[in-house]
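Notes for the one structure printed next.
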Amino acid sequence: MEPGAWGNRTAVTDFILLGLTGNVRLQPILFVVFFFAYIVTVGGNLSILAAIFVEPKLHTPMYYFLGNLSLLDIGCISVTVPPMLVCLLAHECRVPYAACISQLFFFHLLAGVDCHLLTAMAYDRYLAICQPLTYSTRMSREVQGTLVGICCTVSFINALTHTVAVSVLDFCGPNVVNHFYCDLPPLFQLSCSSIYLNGQLLFVGATFMGVVPMILISVSYAHVAAAVLRIRSTEGRKKAFSTCGSHLTVVCIFYGTGFFSYMRLGSVSASDKDKGIGILNTILSPMLNPLIYSLRNPDVQGALKRVLTGKRYPV
């Protein structure tokens, strides 16, 4: 389609992603590195899922949410890394307009569910430590399913809103995206129509998908910390904190990189720094999550050993 052929409609039919580097010599090395990272991430998260499935001790609300988080991590990295690997092999990355918009939608859908699921996990820890007597009834299977359903619904609305808002923008000039996947800030930079509404939607979305969950997580853990500090036994304190330490580490990595990427409200321009943060957010975080959750958890470690060795759980 030629520019201006359809009036105010989108004239650009595809986008060219610059990727991580234009150095042809580095591209094979990057392919090997990120292919390895992808295999490790998918394998690690599938191992966590298998461990939760085979280990009766892990059939609890906390690990139900962790299993969903593992599925989300597989989805998030699968949305961005395989297309990037294809581009590294081809030495050029030309993405059709529809494919770019689809990638944008699914990335924000999965990342949004991730945000709210981490909040649900914090609420679960709050109930387990601060309200142990009513925990089993207040975190029943129905409640668990409802929380996951709410996470998905809110994230779907957010992702759909951003996708529709981007799809009505005019792209009638440059089509080179300075990133390795299609995301909001670099696409805003290419629009030849006003992005004021998109900027406001991004602010509102970042508030509901990032700030509000982070406040809820902070409040939950403030209550948890207060409850743990009232425990007189040092061993009891360590055990209580150990169940929350892994989750807090994941929260810090996920929200730290996410806020840096989307809360720079004064600028929507893309830069090489955004690519580095994008790697942390889309690749490193999903890859580290299985390691973080299994590193100091003997139940998960035991289940993983049985999965890897093929041994059944002792009856």
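Backbone N, Cα and C atoms are what each Cβ position is placed from, and that goes for glycine too.
Feature annotations, reproduced from Swiss-Prot:
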type: DISULFID; residues: CYS100-CYS192; note: disulfide bond
type: CARBOHYD; residues: ASN8; note: N-linked glycosylation site
type: TOPO_DOM; residues: 1-28; note: topological domain 'Extracellular'
type: TOPO_DOM; residues: 50-68; note: topological domain 'Cytoplasmic'
type: TOPO_DOM; residues: 90-97; note: topological domain 'Extracellular'
type: TOPO_DOM; residues: 119-145; note: topological domain 'Cytoplasmic'
type: TOPO_DOM; residues: 167-200; note: topological domain 'Extracellular'
type: TOPO_DOM; residues: 222-239; note: topological domain 'Cytoplasmic'
type: TOPO_DOM; residues: 261-274; note: topological domain 'Extracellular'
type: TOPO_DOM; residues: 296-315; note: topological domain 'Cytoplasmic'
type: TRANSMEM; residues: 29-49; note: transmembrane segment
type: TRANSMEM; residues: 69-89; note: transmembrane segment
type: TRANSMEM; residues: 98-118; note: transmembrane segment
type: TRANSMEM; residues: 146-166; note: transmembrane segment
type: TRANSMEM; residues: 201-221; note: transmembrane segment
type: TRANSMEM; residues: 240-260; note: transmembrane segment
type: TRANSMEM; residues: 275-295; note: transmembrane segment
Range from 29-49, 98-118, 240-260 with most C-beta pairs under 8 A to the transmembrane segment (69-89):
29-49
For the topological domain 'Cytoplasmic' (119-145), give me same-chain residues lying six or more residues beyond its boundaries with a C-beta closer than 8 angstroms to one of its C-beta atoms, as numbers and ranges.
61-62, 64-66, 69, 151, 213, 216-217, 220-221, 223-224, 227-228, 240, 243-244, 247, 251
Looking only at the topological domain 'Extracellular' (167-200), what is the model's average confidence as pLDDT?
90
Nonlocal neighbours by CB distance (under 8 Å) for CYS192 (disulfide bond), same chain, sequence gap 6 or more:
ASP170, PHE171, CYS172, GLY173
In terms of Cβ proximity under 8 Å, which residues at least six beyond the ends of the topological domain 'Extracellular' (90-97) contact it?
10, 12-19, 24, 27, 83-84, 103, 171, 180, 182
Please list, for the topological domain 'Cytoplasmic' (119-145), how many residues fall into helix, strand and coil according to DSSP.
24 helix, 0 strand, 3 coil
Tell me, by DSSP, whether CYS100 (disulfide bond) is helix, strand or coil?
helix
Using Cβ-Cβ distances, find the residues under 8 Å from CYS100 (disulfide bond) that belong to the same chain and are at least 6 apart in sequence, listing them in sequence order.
ASP14, PHE15, VAL177, CYS182, LEU187
Looking only at residues six or more beyond either end of the topological domain 'Cytoplasmic' (50-68), which have a C-beta under 8 A from one in the stretch?
117, 120-121, 124-125, 128, 139, 144, 148, 243, 293-294, 299-300, 302-304, 306-307, 312-313
